[in-house]
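TrEMBL has this to say about the protein:
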type: TRANSMEM; residues: 26-49; note: transmembrane segment
type: DOMAIN; residues: 43-294; note: domain 'G-protein coupled receptors family 1 profile'
type: TRANSMEM; residues: 61-89; note: transmembrane segment
type: TRANSMEM; residues: 101-122; note: transmembrane segment
type: TRANSMEM; residues: 142-165; note: transmembrane segment
type: TRANSMEM; residues: 213-231; note: transmembrane segment
type: TRANSMEM; residues: 243-263; note: transmembrane segment
type: TRANSMEM; residues: 275-296; note: transmembrane segment
Amino acid sequence: MADNNHSHFQHPYFVLTGIPGLEQKYYWIAFPLGAIYVIALFGNGVIISTIKSESSLHIPMYYFLCMLALADMGLTLCTLPSMLGIFWFNYKSIAFDSCLVQMYFIHTFSAIESGVLVAMAFDRVVAIWNPLRYGTIITNGVVCRAGTVILTRAVCVVFPVPFLIKRLPFYHSNILSHSFCLHQDVMRLACASTRINSLYGLIAVIFTKGSDSLSILLSYVFILRAVMAIASGEGRLKALNTCVSHICAVLIFYVPLIGLSVIHRFGKHLSPLTHVLMANAYLLVPPVLNPVVYTVKTKEMRKKIIQIFVQTKITAEG
């Protein structure tokens, strides 16, 4: 009878974990953490507003960059309430359903960002492989359809995840390993078989991150073949230089993601601090660094942002 009762029981809330061993220093950690969120939101907001306001940037490459910035802002806003709740107010509880909602949006925006990186890789392939036909191949209509496919895929693939978690009983520990809700972290607390959850999670990862990383790799094989066909060394360097920002964005996104996946599956012997830091890097590093990379490496974006700041300063002084 007890087992039957447990089979339909869930904790009303989960307890989030900040940084193990540094609980007494949360007051000092809160300030740099708040600065990180301000930088992420401000940086991506500036990119979006700049692309929106400058007609010269209304081209496919910058539309994809705008999508990337929106995905980064989504990731940032997903984790902001729980992270700041812990480090600013020492509030560690999150309702069961709220945890599922946060989990859904974290994984959805992560899948969207992965899909946008694939679209940007395809954009670079066309620009380098067949530059004369770039304008006829990568049109605004193609960009809109690509964005729709990326969004639809992410929403649909992640949609079953919270419902698969909802069906599981939780009557032992309710303490999560991170400052936010991730599927793997919540799933490990279940008091029943999670084989279906693990199988669907694996399928979802293969269908999104797995296929996306393979697509990006193949894209750069085509890019390198096209670059090697360019006669002049200066031309090769110029062609490769157009891909530097995208390569940085791919590394910024996939290195922490792969590290977190490896640690979750094979790093059970590692300290909890390692798990926490890798999870935080996975969700906080891309939104912070992507605007910096694209502002520094993209001449047009850097020029427009400087112009906007100068005009804003002149207006304020006037």
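A Cβ is built for glycine as well, from the same backbone N, Cα and C atoms used for every other residue.
All annotation found in TrEMBL is predicted automatically rather than curated by experts.
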Pairs of Cβ atoms less than 8 Å apart decide it: which stretch in 26-49, 61-89, 101-122, 243-263, 275-296 has the most with the transmembrane segment (213-231)?
101-122
When you look at the transmembrane segment (61-89) alongside the transmembrane segment (142-165), do they share 3+ Cβ pairs under 8 Å, ignoring any pair fewer than 6 residues apart in sequence?
yes
Which of 26-49, 101-122, 243-263, 275-296 has the most Cβ pairs closer than 8 Å to the transmembrane segment (61-89)?
26-49
Where does the mean pLDDT land for the domain 'G-protein coupled receptors family 1 profile' (43-294)?
91
